[in-house]
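Undergrad: Sequence annotations record features per position, and here TrEMBL assigns domain 'STAS' to 566-694. As annotated by TrEMBL, region 'Disordered' applies to 1-20. What TrEMBL records for 92-111, 118-142, 189-213, 259-283, 303-322, 444-466, 510-538 is transmembrane segment.
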């Protein structure tokens, strides 16, 4: 029971009346919720005359048809095709060169990286080039992320490769003939395309249901732990290629440890030639990555280390005949042109829908979070639902051309911004790189890099490889592609550097990060994602279970009510208890809410574990004010709990007043029968008004005395 901590002599009734002057009794009467709505609620919108003769569906269709107009249709078209908004305002002379440089740079990186990630997907390297062309082209037309670069992504390739290996396993006998190997590759390509088709269809269904808000359920610790854990899987899965070992790919739970065990057992049979190629490749790629990061502000464009490594390794393998003399595995002939459009086999879709769901969620979560980061940085907004449409169509259409799942990528997005996010301008006769700023029609359109246009230049580079330059990659060792895979994981590994800062900010988020990372590494990527989401949601529920119900007092000389725990002089009146419950009131918190209120009001003998102890020497509570400003929603169980509390207060002779209920909470309480237990005059718009009304009820008691706490 909440009461005074210090007693003083009781003043005269006139002095007690003056004490409530900060509560505005000298300025206005206390406002109830009903009186406030009467004075400030505004007029209701006039209702349209009903049409009893027409069915409701016909009336809805007629209303939609009337609301459709030429400008409305143009706005819808602009929303679905974002280039129609930014293309008319594009400064061709000032920005085209920077976007062309960025697009060509990213396209050059897409070529080796696409072939490398195709190996993670367990398909031939050329299909990585297809995935670096069609999705980029489609996203350029539909995406809202101006700095986003799409294409092959290591995490998705790893997840898709596990599905492909499970659906189309390699025969245990081995030593396949050429025809059998082609048939196996064709089946695996079909399985990967079916996964892309399924994930694209799921994202389109999410777009139709306007479920872009689902991206908020994948918190930042979950996404970063997922990508960091997947980077460990990528590193371990590439060890056989680095060492020249022909080992079957391990799938399922604990696949990482199974792969490590298999590599250790077969380590004696590793190829010295491929081991040397891998060591030299990493010795070049890793320092170049570091140089690009450390000198990103001084370099006009990042150093294309992957392209240099591909060129040197191909020349070395061709000149030394490493593929014939030392049996070094090479990429081989890349077919020219485009594949024939094929619709995925429908009989495989039921088998892959369960695997397509986590891939679709990861695609959307990574792309939406990455787009939001750059949108906040450069002061523009993205549409999550439009991103669902863009990536859904991108995966669905590209699957018809034998592409595997794709999304926005961390490495190429940062490369895109570094390479062309700034355009050249003259500064005192010297060519420098400066940021572009532009205002368009009062909109906060700070003209940043148009990734959609840069993506077109990237597609041109990949297209040239598919049409003409494919034969030059014949002698490229696959070990180099494995090294490119590992070096591209640099950003994901370095996310672990944020853990000390995360521990300092929120230990709960740190625990979510660690649990998700351990689950991804030990189990698998998709199961780790499920564990991370469940743990993240559970932490939210647990936080609502550990809130403190605060007893409030009036700060001296003000109209502010503060918690009694704060070290300042607060005014408290015996017989009056003001409580604030800062948590949603639903089935999981109703018990805690009941126990805390019983404890403060003396209605029960149980005391909560949280909150300050009340003064047992205080008098009985006669009026209690509940501040509901912190209760964002109430379910049926919580509403019934409030109604029952109202009845118990009436039986105990306590007047219960509610303050600052939002409209949704008040509507739920009303439907639960609250107004059957109390009158509308007990609902107030603020704590000050409720406290002023309570003091008016208590001033008639000569035993009232004021206490300074």
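In case you wondered, yes, glycine gets a Cβ from its N, Cα and C as well.
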Undergrad: Reported in the order helix, strand, coil, what are the DSSP residue counts of the domain 'STAS' (566-694)?
TA: 51 helix, 22 strand, 56 coil
Undergrad: Give the nonlocal contacts of the transmembrane segment (118-142) in its own chain as ranges (CB under 8 Å, at least six residues past its ends).
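TA: Hits for the transmembrane segment (118-142): 80-83, 110-111, 148-152, 154, 157-158, 160-161, 164-165, 185, 188-189, 192, 234, 237, 241, 249, 331, 334-335, 338-339, 386, 389-391, 393-395, 397-398, 401-404, 406, 451-453, 455-456, 458-459, 462-463, 465-466, 470, 473, 478, 481-482, 485.
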Undergrad: Across the domain 'STAS' (566-694), what is the average pLDDT of the model, as a whole number?
TA: 82
